[in-house]
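Here's the structure we're looking at; comments come further down.
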Amino acid sequence: MTLHNNSTTSPLFPNISSSWIHSPSDAGLPPGTVTHFGSYNVSRAAGNFSSPDGTTDDPLGGHTVWQVVFIAFLTGILALVTIIGNILVIVSFKVNKQLKTVNNYFLLSLACADLIIGVISMNLFTTYIIMNRWALGNLACDLWLAIDYVASNASVMNLLVISFDRYFSITRPLTYRAKRTTKRAGVMIGLAWVISFVLWAPAILFWQYFVGKRTVPPGECFIQFLSEPTITFGTAIAAFYMPVTIMTILYWRIYKETEKRTKELAGLQASGTEAETENFVHPTGSSRSCSSYELQQQSMKRSNRRKYGRCHFWFTTKSWKPSSEQMDQDHSSSDSWNNNDAAASLENSASSDEEDIGSETRAIYSIVLKLPGHSTILNSTKLPSSDNLQVPEEELGMVDLERKADKLQAQKSVDDGGSFPKSFSKLPIQLESAVDTAKTSDVNSSVGKSTATLPLSFKEATLAKRFALKTRSQITKRKRMSLVKEKKAAQTLSAILLAFIITWTPYNIMVLVNTFCDSCIPKTFWNLGYWLCYINSTVNPVCYALCNKTFRTTFKMLLLCQCDKKKRRKQQYQQRQSVIFHKRAPEQAL
């Protein structure tokens, strides 16, 4: 085939016009070394350039030796960094179990796509740039384009999947996270790759058979069906602009929702701090109050007295019915705590129970103290509604098992003068006073016959109060940790999206410009823009390391060959955790 012009095509879009061969003055070579289109006919049938007198073209494609060295060195370094970085991501996912989360499964898929680009696409495109022609044949050309487009589109699809996953995790934490499993993540990743393959591979590989001929000239490599500017424009919109728009909107929604949750958590922490500083002992008809520290001091001053009064301590199940029905429902299983502020009715009236029924919060416990000359009530710290309070299922399952044991142990403790049981009873516990039993018999009748009797000191009452505050702090801590994880995931997503937009936008802008002006953009800009798209695969592992400490430490461990040391540290850590667990187990049973 003979050409008499100086137009060529980009490997991505065939309608790009630019200089295929440099002139001698541009290349800095002596005249006659490089073939010029204006004076020579170029035969590309065998992949060689020849002039009428039989001289062959420069094998460097019109570049100087130093230009070739610079291009090969720069692109080779980028390809090597891309390969090493994404291999580190894959190996890190394999060796570190902490990285095997649903979020990181999507990053693993993205790393696989980037690795393909680093191994195949970057090197073949560098060869194309240096030689200024495609010398590997039509089959290799079609395979390169198919792999390149499938991997690039899979990267975009994976970014979309990550964005939707983050969005639903933030906006629908209860419904979506229950369905968010590794199996479902694998299905979504598989769909991303299948869709990318179906969209591009058959059309690139078999288009010449669909239309009956191959229109790509020898020595060139581009997608045959992208020969029209309108088709090129449409593919750019579908492959880049639409996904970027969707991802930007989703990330904005994620950012707003995260900010909203941050404010809610700050309010919850503030209310928890206020609850800790509140006075929780209120004498009837008096403004006197005392803190847990004061209770301890009183307990120390009365060390010669074993029993200070009457204390009611119980955990009950979910109930919004009057107090008479609450006692019946105390023996049923449930998944939440009860609003048992109605214990105040033991000292006041039944009307207070009805007022507490409609309250928005629920208490863990209520303690009623009867001291000589005083009538005091210890009200527990309020917790959020039971719909928002998560109680471990194993604790709920212990209710029926411990019910009989609690009764027997409580009765034995009274007879033998034993200490408080190791675990708080799930039943109402009524504590008899050694000071004034007769005066408090009316309270006993209001609690019911199912209660047991045990001595309880002020110190134990203080521990009960601390238990309630600790429970609240644990809830806040879990919410805070969850929010921190969501923020880290959002930061990783933002870094990946930002890198994607920065590296892909220049090339796709040139695509739009080329639709209206096919000779306005030099070939050098096209090559730089296309290579910039590849650099996105180089930057992604850096984003993982910068935004995720676990990735960063695992990368460091692998690069420094500290795998054995890591295993030893892990074993030592597990041993320490085991010791800590065995030490805390008896304390948690109290």
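Cβ coordinates are placed from backbone N, Cα and C, and glycine is handled just like the others.
Summarising the annotation, Swiss-Prot assigns topological domain 'Extracellular' to 1-67, 131-142, 207-229, 515-526 and lists similarity to another entry as the type of evidence. For Asn5, Asn6, Asn15, Asn41, Asn48, the entry in Swiss-Prot reads N-linked glycosylation site. The transmembrane segment annotation in Swiss-Prot covers 68-91, 105-130, 143-164, 185-206, 230-252, 492-514, 527-546. The topological domain 'Cytoplasmic' annotation in Swiss-Prot covers 92-104, 165-184, 253-491, 547-590. For Cys141-Cys221, Cys517-Cys520, the entry in Swiss-Prot reads disulfide bond, with the evidence type sequence analysis. The phosphoserine annotation in Swiss-Prot covers Ser385 and is backed by similarity to another entry.
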Largest tally of Cβ atoms lying within 10 Å of a Cβ, found at which of the disulfide-bonded residues Cys141, Cys221, Cys517, Cys520:
Cys221
Please figure out which one of 68-91, 143-164, 230-252, 492-514, 527-546 racks up the most CB pairs under 8 Å against the transmembrane segment (105-130).
68-91
Can you tell me the CA-to-CA distance separating Cys221 (disulfide bond) and Cys520 (disulfide bond), as a whole number of Å?
21
Where Cys141 (disulfide bond) and Cys520 (disulfide bond) are concerned, what is their Cα separation in Å, rounded?
26
According to DSSP, folded down to helix, strand and coil, what is Cys141 (disulfide bond)?
helix
Mean predicted confidence [pLDDT] for the topological domain 'Extracellular' (1-67):
45
Report the DSSP secondary-structure composition of the topological domain 'Extracellular' (515-526) as helix, strand and coil residue counts.
6 helix, 0 strand, 6 coil
Looking at 68-91, 143-164, 492-514, 527-546, which one has the highest count of Cβ pairs under 8 angstroms to the transmembrane segment (230-252)?
492-514
Which range out of 68-91, 143-164, 527-546 gives the transmembrane segment (492-514) the most CB pairs under 8 Å?
527-546
